[in-house]
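A.B. asks: One structure is given below, represented as structure tokens, and several questions about it will come after.
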Amino acid sequence: MTLTLRSSTSFLNLKDIKGLKTPDDLSGTVCFAQIKPTCRLRETKSSMQEAQIFHEKNFASEGVRGSEWREKLHALPSAHAPKNDSRVPVFVMLPLDTVTLGGKLNKPRAMNASLMALKSAGVEGVMVDAWWGLVEKDGPLKYNWEGYAELVQMVEKHGLKLQVVMSFHQCGGNVGDSCSIPLPPWVLEEISKNPDLVYTDRSGRRNPEYISLGCDSLPVLRGRTPIQVYTDYMSSFRERFRDYLEDVIVEIQVGMGPCGELRYPSYPESNGTWKFPGIGEFQCYDKYMRASLEASAEAIGKRDWGQSGPHDAGQYKQFPKETGFFRNDGTWKTEYGRFFLEWYSMKLLAHGDRILAAAKGVFHGTGAKLSGKIAGIHWHYRTRSHAAELTAGYYNTRAQNGYLPLAQMFAKHNVVFNFTCMEMKDGEQPEHSSPEGLVQQVKMTTRSARIELAGENALERYDASAYGQVLVTSRSDSGNGLCAFTYLRMNKRLFEGDNWRNLVEFVKSMSEGGRNRRLSERDSTGTDLYVGFIREKNLKKTKEAALV
């Protein structure tokens with residue numbers, strides 16, 4: 001996940017529910033100062049591959065010059081863009097351990113109270129991870145959905161909606177992961193027999209988070225391919241929850257990589273392997289990925305290029321200027337660099353295409369939306385090479401829009417493009433980072449591809465400043481507006497004092513199209529938002545009533 005800080009998995013205590021205030025009870029308000037985006041849309045000068053070209057042996061690009069790309073962005077009819085005053089529904093992510101290792105709903109009474117409170121706040125619904133490592137734990141094709149069934153019924157009882165993530169990755173080893181849910185034991189057994197089933201870096205370090213896309217179409221999981229395993233899993237979910245799809249379960253988010261995101265595990269936090277804001281490393285050294293690289297190089301008569309990944313790409317914690325590959329005039333700009341980055345990114349694109357095609361086949365006609373998540377890798381965005389994005393599999397540089405092929409592929413399957421770091425501001429980040437610029441590029445790109453854009457916050461935030469930034473990015477003043485926003489994450493702190501008041505006002509503002517903004521005093525943290533003074537507003541209301 002995009003440097004996502006996952007919070008504690010505590011629920012709301014039952015005794016706390018009486019103290020929570022609903023929108024009607026709140027007399028205070030969060031005031032939002034107008035924030036002008038500081039990001040800029042970068043020109044696209046080099047050729048782009050169309051998203052319909054997925055086969056690894058086909059590297060023919062269709063030329064798209066920067067001026068042509070900008071034309072496409074601005075030539076869209078307004079009917080395809082969300083209205084500025086459109087309502088943006090807000091969902092809240094449930095704790096990572098909502099379902100226990102034993103397959104039961106965790107702390108059902110506390111969950112019931114928490115859902116009641118969220119409903120009172122005007123929240124549209126909640127999101128939950130349906131962990132592969134829990135559901136298919138007992139053996140191939142042996143599924144246990146009972147804990148999730150109890151949750152679905154509880155969500156329905158409270159009149160909420162549910163987004164369900166098909167989580168084919170492990171939980172644990174990333175920023176803030178508060179519990180450990182590995183891949184199913186029978187899958188881990190296959191990995192122990194054949195370690196090349198998982199992503200591998202240049203040093204030979206194996207990453208057990210997710211099955212390598214290099215073996216997508218090979219029967220390496222007890223006679224089934226990974227894509228077949230994912231398809232069977234989704235089919236089982238569809239059959240178990242057929243009666244709830246569309247009315248209660250409104251969205252299926254399809255996991256396509258580590259943290260559920262379509263990317264390579266290029267920045268793993270476990271054991272101190274990577275540290276923010278390091279560039280990460282390419283993950284193409286398992287035998288299946290190496291065989292693919294070798295075949296692709298041989299197909300264009302450059303056999304030497306297929307022997308290995310770049311030798312000068314540095315290490316996880318380094319910066320672009322410290323490497324021969326990613327520095328401004330580095331190897332990434334050469335013919336070899338373009339070949340490798342094209343191959344690496346197109347492998348990822350093809351992986352996403354295969355999984356989304358399978359999901360579309362499974363859920364077609366059920367009424368549930370499909371979505372997929374792309375990581376918001378904002379560090380080193382202001383450099384020429386965008387090194388951290390490149391190692392994650394996004395061929396996005398100062399001269400090339402790497403998110404357009406992804407958006408076009410999502411559009412092909414009618415999938416919502418889910419993106420993170422919506423709450424971040426450039427001024428909060430290190431040099432050369434630009435979450436605002438990245439979000440702006442994605443908003444323009446998804447508008448160009450004519451697909452819906454949904455958002456999440458990347459870090460655990462409760463302050464009005466972060467909520468205000470989400471309101472700014474949610475609107476379609478420039479680029480795509482948001483069709484939905486999912487807040488990370490429900491925990492005990494969310495229901496405390498100002499944190500709860502901020503959430504309630506945020507949900508209300510999103511329901512009004514993100515237009516609840518007034519210039520006001522700055523808060524004590526120096527942000528351009530503050531929580532309004534409840535007593536002053538109460539006093540004002542009292543005076544107005546007296547005049548009447």
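The backbone N, Cα and C atoms fix where each Cβ goes, and this holds for glycine too.
Sharing the feature lines straight out of TrEMBL:
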ACT_SITE  Glu261  active site, proton donor
ACT_SITE  Glu456  active site, proton acceptor
BINDING   Asp129, His169, Asp177, Lys373, His378, Thr420, Asn457, Ala458, Arg489  substrate binding site
A.B. asks: Compute the C-alpha separation of the residue listed as 'active site, proton acceptor' from the residue listed as 'active site, proton donor', stating it in Å without decimals.
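C.D. replies: Counting only the Cα atoms, the answer is 12 Å.
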A.B. asks: Let me know how many other Cβ atoms fall within 10 Å of the Cβ of Arg489 (substrate binding site).
C.D. replies: 24
A.B. asks: Do you know offhand how many angstrom separate Asp129 (substrate binding site) and Glu261 (active site, proton donor) by C-alpha?
C.D. replies: 13
A.B. asks: Rounded to the nearest Å, what's the C-alpha distance separating Asn457 (substrate binding site) and the residue listed as 'active site, proton donor'? Just drop the number here, would you?
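C.D. replies: About 14 Å separates the two Cα atoms.
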A.B. asks: If you draw a 10 Å sphere around the Cβ of His378 (substrate binding site), how many other Cβ atoms fall inside it, taking every protein chain shown into account?
C.D. replies: 28
A.B. asks: Rounded to a whole angstrom, what is the C-alpha distance between His378 (substrate binding site) and Glu261 (active site, proton donor)?
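C.D. replies: Between the Cα atoms of His378 (substrate binding site) and Glu261 (active site, proton donor), the distance comes to 15 Å.
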A.B. asks: Around the residue listed as 'active site, proton donor', how many other C-beta atoms are within 10 angstroms of its C-beta?
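C.D. replies: Around the Cβ of the residue listed as 'active site, proton donor', 26 other Cβ atoms lie within 10 Å.
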A.B. asks: For the residue listed as 'active site, proton donor' and Arg489 (substrate binding site), what Cα-Cα distance in Å is obtained after rounding to a whole number?
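C.D. replies: Answer for this pair: 17 Å between alpha carbons.
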A.B. asks: Would you count the other CB atoms within 10 A of the CB of Asp129 (substrate binding site), including those on all shown protein chains?
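C.D. replies: Asp129 (substrate binding site): 24 neighbouring Cβ atoms within 10 Å.
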